[in-house]
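Enquirer: Sharing a structure below in structure tokens format, with a few things to ask.
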Amino acid sequence: MSPPSPGRRREQRRPRAAATMATPLPGRAGGPATPLSPTRLSRLQEKEELRELNDRLAHYIDRVRALELENDRLLLKISEKEEVTTREVSGIKALYESELADARRVLDETARERARLQIEIGKLRAELDEVNKSAKKREGELTVAQGRVKDLESLFHRSEVELAAALSDKRGLESDVAELRAQLAKAEDGHAVAKKQLEKETLMRVDLENRCQSLQEELDFRKSVFEEEVRETRRRHERRLVEVDSSRQQEYDFKMAQALEELRSQHDEQVRLYKLELEQTYQAKLDSAKLSSDQNDKAASAAREELKEARMRLESLSYQLSGLQKQASAAEDRIRELEEAMAGERDKFRKMLDAKEQEMTEMRDVMQQQLAEYQELLDVKLALDMEINAYRKLLEGEEERLKLSPSPSSRVTVSRATSSSSGSLSATGRLGRSKRKRLEVEEPLGSGPSVLGTGTGGSGGFHLAQQASASGSVSIEEIDLEGKFVQLKNNSDKDQSLGNWRIKRQVLEGEEIAYKFTPKYILRAGQMVTVWAAGAGVAHSPPSTLVWKGQSSWGTGESFRTVLVNADGEEVAMRTVKKSSVMRENENGEEEEEEAEFGEEDLFHQQGDPRTTSRGCYVM
């Protein structure tokens, strides 16, 4: 006979206690008889009822003992039958274990392949980020070069404008120089004419001086002739005077002298008048020639000064023009070099972008292929799970039929139930959708090591349920079970404004916390945003990564509820997580309640989600 179970021992202890409680109290011996009160009557009735219950309990204990004896006999027969059926079940069990080992091997290979693909995807994403950073850096350098080219173009345009202004000034100065040269030519012509007139006047003066000298000589000659004639006349007079009377000689000498004096005075007056007129004419012509010559000299000197200044200005403008031309040529060469460099960089960037796009296309194709293979493996896994469940049911049926004890192997049951209802999509793009997703995880503990701990004489586990719903285009895609982040996703093909929207979190019946988006925040179509708590140590990088600086954790517990509320206070998305504990028996036969501990596992990710990583196979 097998020893009684702890449950039976407790049942046996309870009747003894009840019997002890039901023992009647002794009355007072030899006391006088008194009329019974209602309280006394009720106590007597209760004693009678307790006595009957004790009798029934004793009968029940006898019955239980008889049943235990019968049970021991049946257990002996079962043990005999087990020896017989063990040989029959060994073949099925070996086949089941081989298929189970194959399924485990396939799942392990799938997990390893998936981990390898995740590592490759991470490397490719890191390379893509580096390429994007390099492209952004090159784009910044290209923008700086384009700005430099624009500055040089503006400088070149200013140089062209200054060159055009200098050329116009040069043309104006050239016209001024031409006019000055024409005036100078006219002045030189006038100067030549004045010189010619001066030469003529000089010749005339010389001619007049010669004529004056000839007239003076002629006058001297005539004077000498006249004096000779006077002397001759005097000699004749003297000869006549010899004959004339001496009285008349004095009168005649006086008249002679008077006539000679008058003739001399008239001749002197004529010579003086002629000389004065000649001098006045010569002086007037000489003054006129000098004045004209002075004017011509002044005009020529002024023209020479203006010509000199024009030449100096022309030389200065020529120097400036040559400098501007050199600057313009240097700017053109620099612009040409920058354009060539920019064209080379543009071609290089275009080739790099084409190569990266080709690589990204190949990566997408590889990822799609790997996702397809992963989906096929998941389908195979689901099929294997179904077959394993079928084998398990068959084994359980055989065990029940043959009355065998179930094997203490760990098992995990994962059930998914999703239901979605989508409304009509109108021409304006309005999307009405509500979905609910429920995920349950149940993991009983066996005799071997498991996630929760180890045990040899009992079984236990935990139950984790997660529900999600969304009535709009934005859903709560993922939440961290350790309270590090909450992730939202825009499932539509249009941008969604999240201005003044709030994410609320309530753990058990505690205080509700809320994160509020900025008034201008917009979630792009098909994009996700992750709101991290400050204690996660993640850097703030909008618009995809936001940090809640005023909260160190989103909070966690046995159950918590996360809600997305729009600006009008309406709930548009919700996700709840509930964690329940299970009961297990220890070696002493006592039931203990154990709370399940869980971390951030990827049991809640959808099929094909690339965020999941290989954490080990918990299915088998």
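Going from the start of the chain as shown, residues are counted 1 onward.
Each residue, glycine too, has its Cβ placed from N, Cα and C.
Feature list, courtesy of Swiss-Prot:
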MOD_RES   Thr23  phosphothreonine
MOD_RES   Thr34  phosphothreonine
MOD_RES   Ser37  phosphoserine
MOD_RES   Lys81  N6-acetyllysine
MOD_RES   Ser316  phosphoserine
COMPBIAS  404-431  compositional bias 'Low complexity'
MOD_RES   Ser420  phosphoserine
MOD_RES   Ser422  phosphoserine
MOD_RES   Ser424  phosphoserine
MOD_RES   Ser426  phosphoserine
MOD_RES   Arg433  omega-N-methylarginine
COMPBIAS  444-453  compositional bias 'Low complexity'
MOD_RES   Ser497  phosphoserine
COMPBIAS  588-601  compositional bias 'Acidic residues'
MOD_RES   Cys617  cysteine methyl ester
LIPID     Cys617  S-farnesyl cysteine
Enquirer: To the nearest whole angstrom, state the Cα distance for the pair Lys81 (N6-acetyllysine) and Ser37 (phosphoserine).
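Expert: With distance taken Cα to Cα, Ser37 (phosphoserine) is 64 Å from Lys81 (N6-acetyllysine).
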Enquirer: Would you kindly give the Cα-Cα distance separating Ser497 (phosphoserine) and Ser37 (phosphoserine), rounded to the nearest Å?
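Expert: Ser37 (phosphoserine) to Ser497 (phosphoserine), Cα-Cα distance: 82 Å.
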Enquirer: Counting Cβ atoms within 10 Å across all protein chains shown, which of the modified residues Ser37, Ser316, Ser497 comes out on top?
Expert: Ser497
Enquirer: Can you tell me how far the Cα of Ser497 (phosphoserine) sits from the Cα of Ser316 (phosphoserine), in Å?
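Expert: Cα-Cα, rounded: 66 Å.
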Enquirer: Could you tell me which three-state DSSP class the residue listed as 'N6-acetyllysine' falls into?
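Expert: For the residue listed as 'N6-acetyllysine' - judged by DSSP and reduced to three states - the answer is helix.
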Enquirer: Reduce the DSSP letter at Ser37 (phosphoserine) to three states and note it down.
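Expert: Where Ser37 (phosphoserine) sits, the three-state DSSP reduction gives coil.
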